[in-house]
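**Student:** Just passing along the structure, written as structure tokens.
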Amino acid sequence: MDERNGKEIRDIAVGEDEETWVYDSSVDHKGRLPLRASTGAWKASLFIITIEFSERLSYFGIATSLIIYLTKVIHQDLKTAARSVNYWAGVTTLMPLFGGFIADAYLGRFYTVLVSSIVYLLGLILLTMSWFVPSLKACDADVCTEPRKAHEVAFFLAIYLISIGTGGHKPSLESFGADQFDDDHPEERKKKLSFFNWWNSGLCLGLLLAVTVIVCVQDHVNWGIADIILTIVMASSLLIFVLGRPYYRYRKVSGSPLTPMLQVLVAAISKRKLPYPSNTAELYEVPKSRMAQGRLLCHTKKLKFLDRAAIIEDKGNSSEKQGPWRLATVNKVEEMKLVINMIPIWLTSLPFGMCVAQAATFFIKQGVIMDRKIANFVIPPASIYSLAAIGMIISVTIYEKVLVPVLRKAIGNERGITILQRIGFGMLFSITTMIVAALVEKKRLDVVKNEPVNGSLSMSVFWLAPQFLIIGAGDGFTLVGLQEYFYDQVPDSMRSLGIAFYLSVIGASNFLSSLLITLVDHVTEKGGESWFGKDLNSSRLDKFYWLLAILTMANLLIFVVVAKRYSYKNVQSLAVANCNEEEDAAGSMA
């Protein structure tokens, strides 16, 4: 009895200690164990969300008006302008692969955000200068027939500096925000389940202001004034981010996360001829007591070839003497499996990203030549994009406040539905978007044919509202789901890279969209008439939208098969813990 009472007292003491301190391998700004009450959770995340809001405000203020700027100021034709936007968006969303690697391996997330935000700010300053410095201005007249070469150089240099800044800023900041919640603390884990939903609501608020206030300033006042506003907002939020430093929890960097994976591959290949052990308990693992703070992954039966990296060749020889290039732990092997298992999900997410790419290019360009008047006010074309943000906010709110509570009770899953189910559901919205967009564009072309004088100016821009709302609702499921998936399912040491993997889906999709436009243009031109003419009225975007709908529908079938075969990340809290290898760990914050 005394022994049992002693154990109960020790358990209570440990529980109280965990309520006071955070034991998730994070440290405070002085490198000490963080106090739970004064660091992390929402008190820290609010500082982080502030700078994300500012970055999104400026990014969308530029991105949603870029195709209009390129056609009106730089005087690129429709196809060239669409490709230019897709290339810029592609670079912007692929650069985070480099930035995420730097954050995880060397600088850490806080300092990567700080440095990349300064680069971002320099891009905004140069963009502003391109409107006010005489030698960098587009021209001296109010309307430019041809812009100065110096203006083009300054403009493209500025927006690609913003791309580079985003490359370090975006993956590091989002993972840094999620790091503020302790996975092993019940209350903080629940808050973390909501983090990505509310993060994206804040992002959408930035988008809304960008495509309404900022775009109105661009359209009715001056692009340069809009750039001044964006620069001031970004500089102010950077200061707020730095002021939040004492409240953050930080993760120590441990070198390149790619090196251990290469070691696993080399060790597995070198031991490919060894017999597979009858008992997987014989595979090499470092006891939890000898590990630094961190979590162990459970062994899984898939990709058994990689398990050979953990086979101990000479049991009489000390495992430590065999070296990491010859012997890997089960945990390192499982981390390698996690990354390999993500490849099919990444690939089958690309068609969704191609549908999203149309909203910032062709959808907005359609709005330019439609009736945008409300009484005496003319809506800027890019402002119609605000409907996508509204659609996303509505879908995220319904999901968070209605669907998740109901599904938790009905299914018993902490998330409500699995991450991949959420992603797949959003893909249905993208198919619907393309079908609606094709029907609306066919209607617009019929109006142009029947009313050649006014053309589509006799058709309200709000005909585009359904496709923007639907793609926004799809973003609330698929884009948020992809963020959560790539943060949650990567190894703990690769979480900035995980967010970069998510962003690379959008980046690669933009490049694929450009490639598809070029391919379709070439094929249809040979057939007699290209689907992409000199302007929208001589183009057949409706057929292009139908093509995207068919491609996305076929891809969804493949995604369903891949998702059903997917095994979620399964973490054990103790080295001796029992692991159910077939368990679906989607409900846990792995």
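From the backbone N, Cα and C atoms, a Cβ is placed for every residue, glycine too.
TrEMBL does not curate its annotations; it predicts them automatically.
Summarising the annotation, TrEMBL assigns transmembrane segment to 87-107, 114-133, 194-215, 221-243, 345-364, 384-407, 419-440, 460-487, 499-524, 544-563.
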**Student:** Cβ pairs under 8 Å with the transmembrane segment (384-407): which stretch of 194-215, 345-364, 419-440, 460-487, 544-563 has the most?
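**Tutor:** Looking only at 194-215, 345-364, 419-440, 460-487, 544-563, the most contacts with the transmembrane segment (384-407) come from 460-487.
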**Student:** Applying the under-8 angstroms CB criterion, which one of 194-215, 460-487, 544-563 scores highest with the transmembrane segment (345-364)?
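**Tutor:** Selected stretch: 544-563, with the most Cβ pairs under 8 Å.
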**Student:** Counting only residues 6+ away from its ends, which parts of the chain sit with a Cβ under 8 Å from the transmembrane segment (194-215)?
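**Tutor:** Beyond its ends, the transmembrane segment (194-215) has Cβ neighbours at 45, 49, 52-61, 64-65, 174, 177-178, 181, 226, 229-230, 380, 382-386, 388-390, 392-393, 396-397, 399-400, 475-476, 479-480, 483-484, 487.
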**Student:** By Cβ distance under 8 Å, which residues at least 6 away from the ends of the transmembrane segment (460-487) in the same chain are close to it?
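**Tutor:** Residues 174-175, 178, 196-197, 199-200, 342, 345, 349, 352, 355-356, 359, 363, 366-367, 370-372, 379, 381, 384-385, 387-396, 399, 419-420, 422-423, 425-430, 432-433, 436-437, 440, 443-444, 495, 498-499, 501-502, 505 contact the transmembrane segment (460-487) from elsewhere in the chain.
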**Student:** Mark yes when the transmembrane segment (221-243) and the transmembrane segment (499-524) have three or more Cβ pairs under 8 Å (sequence separation 6 or more) and no when they do not.
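**Tutor:** The transmembrane segment (221-243) and the transmembrane segment (499-524): touching, no.
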**Student:** Under 8 Å between C-beta atoms and at least six residues away from its ends: which parts of the chain pack against the transmembrane segment (87-107)?
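**Tutor:** Long-range Cβ neighbours of the transmembrane segment (87-107): 59, 63, 66, 113, 115-116, 159-160, 162-164, 166-172, 175, 253, 255-258, 357, 360, 493-501, 503-508, 510-511, 514.
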**Student:** Do any residues, 6 or more residues outside the transmembrane segment (544-563), come within under 8 Å Cβ-to-Cβ of it, and if so which ones?
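**Tutor:** For the transmembrane segment (544-563), the list is 344-345, 348-352, 354-355, 358, 362, 420-421, 423-424, 427-428, 430-431, 434-435, 437-438, 441, 517, 520, 531-532.
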